[in-house]
Amino acid sequence: MQFFGYSYLNRYQTEADGPMDTTVSAVIDKHDIGFLPVDIRGRPLVNKGKTGTWKATAFILAMETAERMSYIGILVNMVSYLVFSMHLTFPKSSDVVNNLVGTTNLTPLLGAFIADAYLGRYWTLLIFGLIYILGSLLLTLLAFIPTWHPSNVTCTSPILAALGQCQQPSDFQLAVLYLGLYIIALGTGGIIPCVSAFGADQFDEEDPKESVWLPSYFNAYYFFVTVGAILSLTLVVNVSESVAYKWGFLITLLSMILALGIFLAGTPRYRHRLPSARLSPLTRIAQVFVAASRKFRLQSPRDGADLYEVYDKESAIVGSRKLAHTPQYRWLDKAAVQTDEDDMKQRAENPSPWKVCTVTQVEEVKALIRIMPIWCTGIILNMAFIQIINFALQGGSTMNRTVAGAVIPIPTFGIASTLVLAVTLPIYDKLFVPLARKYTGNSRGITLLQRQGIGHVFMVLGLLCAGTVEHKRRATAYNLGMEDNPLSPLPISAFWLVPIFSLTGLGELFATVGQLEFFYEQAPDAMRSLGIAIFSANTGVGAFVGTAVVHIIKAVTEPDWVAININWGHMDYYYFFLAVLTFLNFLVFLWFAHRYKYKVPPKSTRRDVVLMKASGTREKSIAV
């Protein structure tokens, strides 16, 4: 099977490849195409009119709505399912979910590697979407087949399940559970780094009429993510809680199948970008460090005038434009210095990138180094968000959730966060951005780093609110002598969770959406999927750090702040601890953000030449 780009690019051979068929006589080197939009066969798009922009992203946004409904539906139900159907304790269930979230947000590094170097984003989305469906099918079968989960015969009370006193799952049952979950995690590894980036690919950055829509696209993307979350927190959660978990899992399976169908339906509309011709980002990064280390005795050049770069093509890296030299991290510039030790023939023609790299290749590495401090400050932010979601819902299980005689499922209260996002994202894009633009002159209203900083503040406020509500909830339990029953409803409304989730929703509006756009925009052309994967890995590392912090807190506090019975613990202290940690992290973020230098937007140098040659090829083919 020949994947996107390579079958057609063989027709667009270089001068060194010899004569071509007379009907396809134009000579287009794939290195000249750069970041130019191409079709599914890798052909430069001469006429973009029928492809891309909102008419293509409509399919991608609809697909992401259904995919998020599936994934979030699985995630928000998982703690309750593990406790009441698989008979794990709340802390153990929380660990499983944390580890799942962590793995789900780290596997995109693998998906990005495959997309950027080999398959392109379209084929990666399709293949990993099928893998996701396999994992979702396994999880659905686990819920439907009685012998695949522990018996409830001796589990006469939900309290016994919450305390881990019911029949425990067998090794086989746990194996099926973990296999299904981690196949889903693998599937999302190809979806997360590609879907938002593939949507952004539908807008031509060098077309002023289209590039202005990119900030609105990222806001729209996250808006439809929240729509999927709302559907999962209403439809999926209520079916799971009111009918049975197995029907909830079946809905998530069908939702993912629908997502893939919608994605395929948009195929004729999509624009694509060339993958880097089997030269992976990791290889290019390694080449820069190896080439620089070979010349560690050399003095770093003062400017980029004497550094190696190709000028007879768009870039030495397929799918990329040239990047301008920057003065930061000058020791890496040694990788682009040609010395007398280099072979003269190689210097004149095509030197080995393990010995001499282009300025663009060096600048790719510099770009990644520049964003890493910002990435690191996002770890604590994401850890705090995940901890609030997990433990605030556990506290909500002891609060009064009855409205007009009906009991609201615990995960449904998380909808406050997504509703805030769904309401404020259009307001932010249509009102706040134009108003702020008048005062700042920035096309986005405020910079991407300023947007993230505001999100940090909202997250600190959310943690302080969570600590205050938990302090009141715990005190009520002890005052009424109900501390030994972690599921007995207290006379305190669960709607006190709404301010917590509203603040975290505003944190997402500013921080998460800002991070998504930041890591896409600041990543080099041929590493856009990797940029989104780095953004996703932030959440994954945050989940694992959260698990580690919980275990450390349990080990050093007496009584445990994070106990099996939430009434026996001190989750209020834990929230306040996280608030202090997140505030200190915010101060570190401000220091790094102040020092950050934004990437200079690259411009194509051979775009018009490629389009003229591609147009000539099409005309001759039609004439023949």
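From the backbone N, Cα and C atoms, a Cβ is placed for every residue, glycine too.
Note that this is a predicted model, so its numbers are computed, not measured.
Pulled from TrEMBL, these are the features on record:
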type	residues	note
TRANSMEM	71-90	transmembrane segment
TRANSMEM	122-145	transmembrane segment
TRANSMEM	179-200	transmembrane segment
TRANSMEM	220-239	transmembrane segment
TRANSMEM	245-266	transmembrane segment
TRANSMEM	374-393	transmembrane segment
TRANSMEM	405-428	transmembrane segment
TRANSMEM	448-469	transmembrane segment
TRANSMEM	489-511	transmembrane segment
TRANSMEM	532-553	transmembrane segment
TRANSMEM	573-593	transmembrane segment
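Counting C-beta pairs under 8 angstroms (sequence separation of 6 or more), the transmembrane segment (448-469) reaches the transmembrane segment (374-393) with 3 or more such pairs. Long-range contacts of the transmembrane segment (573-593) within the same chain: residues 373-374, 377, 380-381, 383-384, 387-388, 391, 449-450, 452-453, 456-457, 459-460, 463-464, 466-467, 470, 553, 557, 561-562, each at least 6 residues beyond the stretch ends and with a Cβ under 8 Å from a Cβ of the stretch. Against the transmembrane segment (374-393), the recorded stretches 71-90, 122-145, 179-200, 405-428, 532-553 differ in Cβ pairs under 8 Å, and the greatest number is found for 532-553.
Three or more CB pairs closer than 8 A are found between the transmembrane segment (220-239) and the transmembrane segment (71-90), so contact between the two stretches is assigned (pairs 6 or more residues apart). A Cβ distance under 8 Å defines the sequence-distant neighbours of the transmembrane segment (122-145), meaning residues of its chain 6+ beyond its ends; these are 3-4, 40, 67, 70, 74, 81, 85, 111, 114-115, 173, 176-177, 179-191, 194-195, 198, 244-246, 249-250, 252-253, 256-257, 259-260, 263-264, 267, 270, 272, 529.
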